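Encoded as structure tokens, the structure appears first; notes follow it.
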Amino acid sequence: MSPVLISPSILSADFANLERELGAIATADWAHVDVMDNHFVPNLTLGLPIVESLVRVSPIPIDCHLMIEDPDRWAPGYAEAGARSVTFHIEAVADAVATARAIRAAGARAAFAVKPETPFAPYEDLLPEVDMVLVMTVEPGFGGQSFMADQMPKVSQVRDAVRRFGGEVWVQVDGGVSASTIEQCADAGADVFVAGSAVYGAESASAAIEQLRALATAHTHR
Ligand SMILES: O=C(CO)[C@@H](O)[C@H](O)COP(=O)(O)O
């Protein structure tokens, strides 16, 4: 397996043609699906029935990022729907351990996300319960925002904690990731890269994916 994973965000895709848009990123590792409820974030996207349909038609695994309230209740359903990984926000969850275990029991990889203002250190003890930590590099809610380079120390902090833990836990970054920002993410220790506008805004999505993969691979320290 490649030491890095590229996960294009379909938030920047044409929502009227999602099957075709998933086909356009078939050379990526995962397809990142942002579920937003207009409460946890000020935007509304899609929910469980659409994710079930996307799982059916996607040529690559679905990487589901839940930006919703009450993930304790909803997250396992996305795993049961066939998402390969399900990420909940640590700011929204009541019982992170129970939710992560329910996601894993339903057959998906479990992850938690931290918003830019949220520190990682208080949650380091959760590493044995998850397969990935997502460090947001924009405020969650919208695609096309500017990359927050000030989150790179947090990415390094997560990578150091994963090394101390010794298990296999991916470190994902999401927001403003592009050919001009991905190297610093990889240098900081990220190995899973979400990119929306940089992929769907490119003339060729597959060429953009290859460029991102090559840049990240050249800078990974794994
Ligand atoms: O979760 C989110 C936004 O909240 C992301 O997944 C965006 O969809 C990334 O888009 P770009 O910043 O890459 O355009």
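Cβ from N, Cα, C; glycine included.
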Checklist line | Further binder of divalent metal cation named by TrEMBL next to HIS32, ASP34, HIS65, taken from the candidates ASP174, ASP187, ASP191 | finding: ASP174
Notebook entry, point to check: Out of SER7, SER9, which does TrEMBL tie to the same substrate site as HIS65, GLY141, PHE142, GLY143, GLY144, ASP174, GLY175, GLY176, GLY196, SER197?
Noted result: SER9
Next item on the list: Go through SER9, SER197, our binding-site residues, and report the one whose Cβ sees the most other Cβ atoms within 10 Å.
Entry: SER9
Check: Including all protein chains displayed, how many Cβ atoms other than that of HIS65 (divalent metal cation binding site) lie within 10 Å of its Cβ?
Finding: 28
Note to self: Spatially, and counting Cα to Cα, which of the binding-site residues is closest to SER9 (substrate binding site)? Options: HIS32, ASP34, HIS65.
What the structure shows: HIS32
